[in-house]
Amino acid sequence: MAAYLQDADGSTTASRTKPVTLPTLQNMRQKGEKITMLTSYDASFTALLDRCGVDTILIGDSLGMVCQGHNSTLPVTLQDVVYHTASVARGNRTAFILADLPFGTYGTPESAFANAVQLIQAGAQMVKLEGGAWLAPTVRFLTERAIPVCAHLGLTPQSVHQMGGYKVQGKTNQAAEQLKADALALQNAGAEMLVLEAIPATLAKEVTDMLTITTIGIGAGPDCSGQVLVLHDLLGVFPGHKARFVKNFMEGQTSIDAAVTAYVAAVKDGSFPAPEHCF
Ligand SMILES: Nc1nc(=O)c2c([nH]1)NC[C@@H]1CN(c3ccc(C(=O)N[C@@H](CCC(=O)O)C(=O)O)cc3)CN21
Ligand SMILES: CC(C)C(=O)C(=O)O
Ligand SMILES: [Mg+2]
């Protein structure tokens, strides 16, 4: 890690001394301590999130929208995520790092493995991919080869054309049952984390109660094992459409450190997400 980032904030003493690992996260789930996740794309913000106590950092393909200015995540390439992952890894000290496999990079188990290796070698400790039971053989293929996998269900932005927009998922009985079956299949295939995006809070609770692995919600209610937000949404600097689950944590704060610290506190004490952020 770059020396100038080491003591970037004189006012905040880094409280976490041990690196966050998968067993740490599993232990948090069992104890009922909420897991915090934020996206990050560069070294400086990563150092800030780390010293504010954010548990896990995601190099999301949302970078296509918040960094590159596209109106979807579809144009993001593997090399884009590799570049940002390497930057994040250099700024990180103890947070757990996961990176998105972008659209079109995990169509077969073999291609998923070759591409996931690139993300792990850039500094990710886990890779995330979007989709249901059809991905189970791919999840199995990766986890057998020592690559931890996070699956992503519900509103999966890489499927925007099939969904016909960024819409809440799992609303009908049939869609809810399908999502539960997908979640179980992914856990059985070896996934160790599951992101649930824009689904009814009641469904996210059922899925979390049914699984043993950690669930991380975004627009999925307060009962997941943890929460994730896009950093630019938390800071109120994303100029695009603001989803219902977004909260600007800069409001009432005078520094980015204070806003991130407020997010961590609100997730840990269960006050975020509030009912107005849920479906
Ligand atoms: N800045 C940013 N934040 C995100 O959360 C995000 C990205 N970018 N890029 C990738 C995807 C796209 N995402 C989105 C984008 C829009 C909505 C949205 O506006 N949803 C409607 C749902 C309407 C409905 O079906 O009822 C909403 O009102 O929240 C949701 C997720 C989540 N991800
Ligand atoms: C919103 C999170 C879950 C994500 O996938 C991203 O930032 O790309
Ligand atoms: Mg993503």
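Heads up, residue numbers simply count up from 1 along the chain you see.
Just so you know, glycine gets a Cβ as well, placed from its N, Cα and C.
All TrEMBL annotations are machine predictions without curation.
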| query | Out of Asp80, Asp100, Asp182, which does TrEMBL tie to the same Mg(2+) site as Asp61, Glu130? | reply | Asp100
| message | Quick test of your reading of the structure: among the recorded positions Lys128, Glu130, Glu197, whose CB sits under 6 A from ligand 3? | response | none
| Under a threshold of 6 Å between Cβ and any atom of ligand 1, which of the binding-site residues Asp61, Ser62, Asp100, Lys128, Glu130 are retained? | Ser62
| note | Reading the DSSP string in three states, the entry for Ser62 (3-methyl-2-oxobutanoate binding site) is coil
| field | Lys128 (3-methyl-2-oxobutanoate binding site) versus recorded positions Asp61, Asp100, Glu197 - nearest by Cα | value | Asp100
| Over all shown protein chains, what is the count of other CB atoms within 10 A of the CB belonging to Ser62 (3-methyl-2-oxobutanoate binding site)? | 21
